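Features of the protein shown, as given by Swiss-Prot:
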REGION    1-173  region 'Disordered'
REPEAT    86-105  repeat 'N-repeat 2'
REGION    189-212  region 'Disordered'
REGION    226-281  region 'Disordered'
REGION    260-608  region 'Middle region'
REGION    330-349  region 'Disordered'
REGION    382-444  region 'Disordered'
REPEAT    490-535  repeat 'M-repeat 5'
REPEAT    541-599  repeat 'M-repeat 6'
REGION    609-749  region 'C-terminal domain'
REGION    631-661  region 'Disordered'
REGION    686-780  region 'Disordered'
REGION    750-780  region 'C-terminal peptide'
Amino acid sequence: MARLSSRELALERRKALTTSGKKSSVAAGDGANRVRTASDVRPTRTDAAAAVEPTAPAVSAPVKPTVSFTPASPSSSSHVKPQRHPSRDLVLARRDALSRRGKTADTSRDRNRADVARQTQAAAPVAASAEEQKTCGCGGKRAAGKVQLSAPTTSLKPRSDRRSAAPKRRAIENPSRALVLARREAMAKHGKTAGKQPTSAAAVARQANPDLTSRELAQQVRELRTKAGARNKQSAGATRPTGPNRHGAKQAAAADAHWKVGESTTSTGQTVTGTQANRSVKTTGNEASTCRSITGTEYLGAEVFQTFCQQAPEPTTPAKVRVTATSHGNRVTGNEVGRSEKVTGDEPGTCKSVTGTEYISANQSAAYCGSSQVSQRKVGHSLTQQGRPVSGVMVGRSSSVTGDEAGAGRSLTGDQYLGSDPLPDGRPAAKVGQSGTLSGTGVTGTLVGRSSQVTGNEFGSCHRVTGDQYISAEQVNAFCGSKPEPEAAKVGFSITNRNQVVSGTRTGRSERVTGDEPGTCKAVTGTPYAGLENAGQHCGTSAVQAIRERTPVRLGTPSAAMTGIQPGVGGVMTGDEKGACEAVTGTPYVGADQLATACGNEAPAGTDSHGQAPEGAAWTRFSVMSPARAAQQQRDDQGAVTGTSYEQGNRITGPFDLAGGKVTGTEQFRFDNREFQRRQFQPTVAVVSEPAEQPASRVTGEGSSTKITGDDWDRGEHVTGTEGVSARRRNPTRPGPMSATVPHERKRNEENEWPVSRVTGSSGNTEKGSLITVSGGARG
């Protein structure tokens, strides 16, 4: 049966699958037409002998036991055989060889027709002998029922055959290129460890072509030696031999090498560095014209003239860069463009002063003119009034300029533009005038009044105008001879009932307005819009006093005298002196007695001791206080009222809420106490005085009567306000009569006898004790 190629087998298998389905895969996978082992694949790729089986493998693997499958019946046409994968076995064998020996085990080469034709004739007799040896005498009857499994084998050829079969590479002529290529190949194979390998000629040749023989390697080394010499003879890692110097003591000190960059000095004293072109003692033939003076650039240093000529050269060429001085002492370097003794025709204008940039130095002016003229500075220097230097364009006054005399001697506010230098003399003209109004207010600025040097503005000089006053008081005094009365103040000042100054538009009574007389001398509640000076001018002393008394006094710093523990000042505690004598707003915690004792004449306004000494005026009382006087003063200082007393000192506030004739709480709610009203408001005989005859009023119409509706100008029975029975009934916060409630049950404290108090101190100092034991606050 003829052997089929892989392509023909694939076509047959596909045809069988299309006709018989998957059942034909067993018959198609029969290995009778395709028998390939691992031993015949390697020669196929290398020797191109595809159809010839090898006679004997180079390395024989142990043969595994044969597994035979016996069919159930001899007549069965289907046989199950294990599938073989020779390609897979070849790949596994190749990978195993590469993992063991690296790339040297890879013997695959590119096949061509010449190699196949050359190896076909040699492989034919070998295949025939192999077939004869395989004949066992059974005629091949047992081959159908037995499957022989053999391990893949790999035939290894000698290294010499593989090297001889490879084409001989051409030697690299450029050693640098060979070194670079060898390094790159070594880095690609071995990584960074390849850089530590020696770089000798043999190593370079071996890395370039690993298949070189010893003879070829020696030829490559000789070729590199002929081109590069013996510099690569030693290895890179070798070191030079070291040891004691046998002739070290006999060796002389090494002479200093000549400086590459020398330093020399010119005839003018300047230092020049670079390559020295001077004359040397060790060189002959350059003695001519050494000490002669030449024109142009001097290449010889001053030390050459001092060594060989014993004198300094005379400079015949002028300096290329000269240094001159200006009239102000500044140094200027560059080309000198002044007058020269060797040039004629430049004498005119030598000693004349010019404006602009100064091109002539002060040295030439002193040489040809005898003295140098100082020109004007372009950048001036001055000092401020505080002594700080200022440079720049000077904007001050100059004696050569007229018209800048105005305001030269005045001190201005803001940035200082003039220095502290003395100003030149000139005509002082006032740029900013000073004047005064008729009311005495000073005004500064440009004067727009009448002047004696201007005609035509005499009309209306002495007339009075309304509005803003543009004419000063000096003009009126100079041209009119009399000073008119000033206009009314635009912003008035008034005094309130508490002696505070208020400025603004005045809304009080005026003598030039009629109809605002009613209510001038009446005390009003609320915010007063008319100042206290109106009452003083138009009303009597009693009316002013009534207005002052009518003004409510709010709680302030100097409160009433208090008993008990007071957080005041002047005690045994230190550190409370700061701010003790200053007026504060809010609840007063310091009594007037403590404030007067601690502060004295420094007490805030509103206290009795304001502006007075605490002990009074001198020689007004005894220096020694009697016991009776001390007891009276103690009774005055420590009254029977605890807390703040607003109106009277004989009322007790605090826990004594059920004492007879005692008022609890705020005393301003006394209108609900009927007993207090009957005792306080007893009918008295009023003294009726005949009213004086009032002058006839000039006001007619509405407001002609003395009664004014609206604001409470008159405290009458027909006017409602904030006090009286009607106010008490209208205010729901104040309790009314108790007729609609349950009768009040008297408590037991009113029936018991009051004990005599034996507690002194902060209990109120009353002669009767308290029956309350739980409420707290009765006893300190």
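Backbone N, Cα and C define each Cβ position, glycine as well.
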Positions whose Cβ lies under 8 angstroms from the region 'Disordered' (330-349), at least six residues beyond its ends:
321-324, 359-361, 364, 368
Would you report the average pLDDT that the model assigns to the region 'Middle region' (260-608)?
75
Kindly report the helix/strand/coil residue split of the repeat 'M-repeat 5' (490-535) according to DSSP, in that order.
4 helix, 8 strand, 34 coil
For the region 'Disordered' (330-349), what does DSSP give as the number of helix, strand and coil residues?
0 helix, 4 strand, 16 coil
Under the DSSP assignment, what numbers of helix, strand and coil residues are found in the repeat 'N-repeat 2' (86-105)?
20 helix, 0 strand, 0 coil
